[in-house]
Amino acid sequence: MSGPNRTYSFGEGDDSLAHPSSRTHAMHSQYDDVSPISDGARMNPMNGQGMDHGLASVLEDGRQGWGRSPEPSPSLLTGSSATPGMDNLGPGAVGGGISGIALSVANSHDRLSGVEALMGTDGQEANIPAERGLSTTGSDNPYVPEPPEHRYSYGSNIALGAAAAPAGQLTPGQSVSHLSSTNPSQRNLYDIPYQDVGGLNAGPYQRHSAYSSNDLPVDINPDEIVDDGDDGFVPAPNSGSGARKSQAIPAAAGGAAAGGVLGNLGGLFGGKSAADTSYGPVPGAGLEAGEKGRWVKPKPGGGNKKRGWIVGAILAFIIIGAIVGGAVGGTIGHRGNEEPSSASSASSSSTQTATEDTSVNGDLDKNSAEIKALMNNKNLHKVFPGIDYTPWGVQYPLCLKYPPSQNNVTRDMAVLTQLTNNVRLYGTDCNQTEMVLHAIDKLEIKDMKIWLGVWIDSNETTSRRQIDQLYKIIDDAKDISIFNGAIVGNEALYRAGSDKTSAQTTLINYMQEVKDHFKKKNIDLPVATSDLGDNWDATLVQAADVVMANVHPFFGGIPVDQAAAWTWRFWQDHNVALTKGTNKKQIISEVGWPSGGGNDCGQGANCPNDTAGAVAGVDELNKFMEDWVCQALDNGTDYFWFEAFDEPWKIVYNTGKENWEDKWGLMDSARNLKPGLKIPDCGGKTAT
């Protein structure tokens, strides 16, 4: 997921769709065979209340509400598109966008590894064409509720990511006494300090230790960081930036900055290092993420300039401390105290590194008492076709100093195997793919598949490293059949800003290279990329073997009782339609709902009250799953759920009334199902 101001709109040239008269019933029938729900109960067109719940609760009566098509006010058009799989910064972040400093760090490289997050940061993209959004609920959807009040764009400032940071994990026996016993997803930064950096003598493995200590973040010597790059640090934005929520700077790199910022502190405080090792955008690479000119040093102005530097320094200290703490607070072992009493008592120690975890607990497998307990949760059901996943601690180059834990990945996979047979990864750094493969082997899981992920960056060094590691993984694999395919890049076009044409060319070249390598090795695997639904066009469809779109109704401001239908309709109109006449498969690569933290009304607008628009909450998450999961399972709709586990370190990016960054998991960071949350059992039917 990425970026602030996530916008949903129809693609170029589709303005005729703005009126119902231009939409024919033929479109309705065209997609009947792929609808994840079936026609059934009628809806009240005035209030959207159906006689039955679920996607199946709508008939053609919804046409009564389809007639509104006012011209959009320019002030309501968002300037960029994003999904929530990758971002951790923006207007929804600390300080309403973290004036200048953090944004310059995080607006362009959302799910990067390590130092890449800090290099080549861009400012607000002013030249991104405004999206022409259109409420896609309506008459031609066989199960769509009465559409909400018409909007021309569904924007939201978001800052979270599935792979920007991994699904949270704890060391074995790590104390989580500070987590709420009633609803751990509702705690805030002051309730749950996530790191006690002074106590982390052995590494970043106390995810829940604390900000409660007065110790400063761990000292970092930038000269010891691999691929350290320093592009300098801009202290403050110009006066006109960040004034409107709907024009917030893309926050694509927030998660990467948080996950790997330790590797670039030298760039914040020091001078230039070798340009070749920098992770800034490569001129002409075609994947640059925005317009640097939007963030400039303040003009000379006496006290104003001085105050700007002071404020900048303070914000820099706060953000760096939070980010470093988030990275260092990353843990490797058991996420809580759910281990059985028969488990090794040594695993209840307060802190364990990856090496210590293995030394104490051995290489966990299906016969380990701890694993047996994790794999026997009657409240988990295998009803998700796929789940997005990134292990904790795989930010490069931080992982070179603090390696992620194999046992931690094995614990995660023990849980994930009860939810899905299909896991999507986002990158190849830090042996994350190899650890997942090892976990599957140790757990003796026979039906789990993996979508390989390759992070594509504006910096050729990063992309090259990721692709080369993909080749090594494939070459070393004992059985290629465990892989479902390779996803080359996630939301690379979104991060390209206005330079989508050049970015698309670069992205397609990378995809073609991977295809050529597979062909040379006689490997029959599809090669795809994932991006916003409205970033797909015929050219990209032709290049990809599978069309993968990230679609999040929450950031469209869609009320939850209409969210499932809206998601399906948006996917149909933006993605499925592009594959007509081809044999291309379509997959929703990210979809989910946060369990708490406020509400989003889309368009970058402030909600008039706490119940307007899309409301985050456990009840709402239950409703979205109730309306989506089993119907999609029955009808074969292929998607990846975002996500399995909360990522509590992201709490540093919550701000104001937008406090959902750390609350997208079905489970808390200790792998406990959230209180009150109910995963549908779909009558015993399971995903295959």
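Just so you know, the numbers here start at 1 and follow the chain as drawn.
Cβ from N, Cα, C; glycine included.
Lifted from Swiss-Prot, the feature list:
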- 1-91: region 'Disordered' (REGION)
- 1-307: topological domain 'Cytoplasmic' (TOPO_DOM)
- 126-148: region 'Disordered' (REGION)
- 168-195: region 'Disordered' (REGION)
- 175-188: compositional bias 'Polar residues' (COMPBIAS)
- 329-688: topological domain 'Extracellular' (TOPO_DOM)
- 334-363: region 'Disordered' (REGION)
- 341-355: compositional bias 'Low complexity' (COMPBIAS)
- Asn408: N-linked glycosylation site (CARBOHYD)
- Asn431: N-linked glycosylation site (CARBOHYD)
- Asn459: N-linked glycosylation site (CARBOHYD)
- Glu491: active site, proton donor (ACT_SITE)
- Asn609: N-linked glycosylation site (CARBOHYD)
- Asn635: N-linked glycosylation site (CARBOHYD)
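Shown here: features listed in Swiss-Prot, placed on the structure.
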residue : record                      : Cβ within 10 Å
Asn408  : N-linked glycosylation site : 31
Asn431  : N-linked glycosylation site : 19
Asn459  : N-linked glycosylation site : 25
Glu491  : active site, proton donor   : 30
Asn609  : N-linked glycosylation site : 8
Asn635  : N-linked glycosylation site : 16
Pairwise CA distance, Asn635 (N-linked glycosylation site) versus Asn431 (N-linked glycosylation site), rounded so that it is a whole Å: 36
Shortest C-alpha distance to Asn431 (N-linked glycosylation site) - which of the glycosylation sites Asn408, Asn459, Asn609: Asn408
Confidence summary for the topological domain 'Cytoplasmic' (1-307), mean pLDDT rounded: 35
By Cα-Cα distance, the member of recorded positions Asn408, Glu491, Asn609 nearest Asn459 (N-linked glycosylation site): Glu491
Nearest-integer angstrom distance between the alpha carbons (Cα) of Asn609 (N-linked glycosylation site) and Glu491 (active site, proton donor): 32
Cα-to-Cα gap, Glu491 (active site, proton donor) vs Asn408 (N-linked glycosylation site), nearest whole Å: 28
Where the residue listed as 'active site, proton donor' falls in three-state DSSP terms: coil
